[in-house]
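Okay, so here's the structure we're looking at.
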Amino acid sequence: PFFFEVDLDEGLVDLDLRNDSDTPDVPPPTDSTPEILKRALSGLSARWKNWWIRGILTLAMISVFFLIIYMGSFMLMLLVLGIQVKCFHEIITIGYRVYHSYDLPWFRSLSWYFLLCVNYFFYGETVADYFGTFVQRREQLQFLIRYHRFISFALYLAGFCMFVLSLVKKHYRLQFYMFAWTHVTLLITVTQSHLVIQNLFEGMIWFLVPISSVICNDIAAYIFGFFFGRTPLIKLSPKKTWEGFIGGGFSTVLFGFVFSYFLAQHQYFVCPVEYNSETNRFVTECEPSELFQLKKYSVPLLLQAVLGWETVNMYPFQMHSIALSTFASLIGPFGGFFASGFKRAFKIKDFADTIPGHGGIMDRFDCQYLMATFVHVYITSFIRGPNPSKVLKQLLVLQPEQQLNVYRTLKSHLVEKGILRPSLRG
C-alpha cells in the first residue's frame, strides 16, 4: 500500500520459507530512521515507535505531495517518472542481489537499456498525442514523431540482439529468468506510470481522487486494524484484519465522495491538461463538462426519513467517485497482497529502505499501479467520448489536398443532416 502497510513487522517470525529454501538470501536493508527520531522515541515500545515513525513520515510525504500539486501538472508528470524509475531500480536490484554470484554479463546494463527503450516509446506516443502543434513547428521532431514506432522497435531489437549475444553456457535458464524478470518489471512500472499520466491529461481530478482514495484506505485500514483488529484477513499479510479492511472501506468511500465535491468546484482540477504552444505552458482552462456541473438528485425514500431531505445537489462526478473508491477499498489491497507474496518469496521485509518506517518506494505504490489501470479502463469505457482537439491536431498534420478532401466530406455530411444549407459556399 501507499503510505501505511501492516503486513510484515520487524520480526518476520511467521514466514513460511520451507518451499523456498533454494532461493538465495537477499541482504537485509539497513535501518534508515534518522537518529533524532530514534532518540525522541527511544522510551516507547516497538509497536508505538513504529506508529510514530510512520505517522511523522506520512505527514511529511503528504505535505510534499500537496506542494507538487500546487506547482502544476508538469511537476506531477516528473514525479510520476521519478517514482517509476525508483520502483524499477528497487525490483531490478532485488534480482541482481539474488543472482549476483552467477556473474551474469550485461544483466543490469540491459535492464536499464530496456527501461530507456520502453520509456522512449511511451513518452513519444504522449508527445504525438498531446503536443501536436508544438511538434509541427520543429522539423527535427516531425521526423522523430513520424518514424517514432519504427525507431522504438529498432532500439528494442538492438537490446534483444545484445541479450542473445550475452547468453553463457550453463546459465541459459537463469538468463532467461532474468530476461523475463526485466520485462515483467517493465510491465508493472512503465506501462502503469504511462497510464497514470494519461489519466492526468484527462483532468487532475482523475489523478488526485484515485491516488487519494488509496492513501485514505491505507491510513484508515491501518488505524482501524491497529485499535480494533482481531480477525486475520489473509495469510500473506498476517497483520491485516477484517476490522481494518471493512473500516477502511467505508472510510474511503465517504472520503472520496466528499473530496470529489471539493475538487469538482475548481477548473484547475476538472479541466483536461493541455499544452499551449504559444505560451509553452500547460493550461487547465475550459468550460467544465456536465460531470462537473451541479445537478439535483432525488434522495431514496429510505434515506429521506433519516436525512429529512427529498432532493440533494451533487456533481455527477461524485457518483463516479463511489466506483473509484470502492475499487480502491476492495480490489486495490490485492496489489499489496501480491507485493507481500513477492517479498516472502525472496525472504525480504521491504523492497528497499528508502523511507524510514515505510520501506521502499515500491512498498508505497504497489496498490497505486493497479488503481491506475482501473481508472484508465474506467475512463475509456464510461467517460471519454470523441476528442475534437485530438481530431483537429491530426487534421493539421495532413497535406493540404487531404485537408480539402476532409473539408468537402464534412461539408457534404453537414448538408445532408440539414445543419448547413446546400447553397453555402466554401
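Note that Cβ sites are derived from N, Cα and C of the backbone, with glycine treated the same way.
Source: prediction; values computed, not measured.
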For the annotation transmembrane segment in TrEMBL, which listed range does it cover: 241-264, 289-312?
241-264
Taking contact to mean 3 or more CB pairs closer than 8 A (sequence separation of 6 or more), are the transmembrane segment (317-339) and the transmembrane segment (104-123) in contact?
no
Tertiary contacts of the transmembrane segment (143-165) (same chain, 6+ residues out, Cβ under 8 Å):
106, 110, 113-114, 116-118, 120-121, 124-125, 127-128, 135, 175, 179
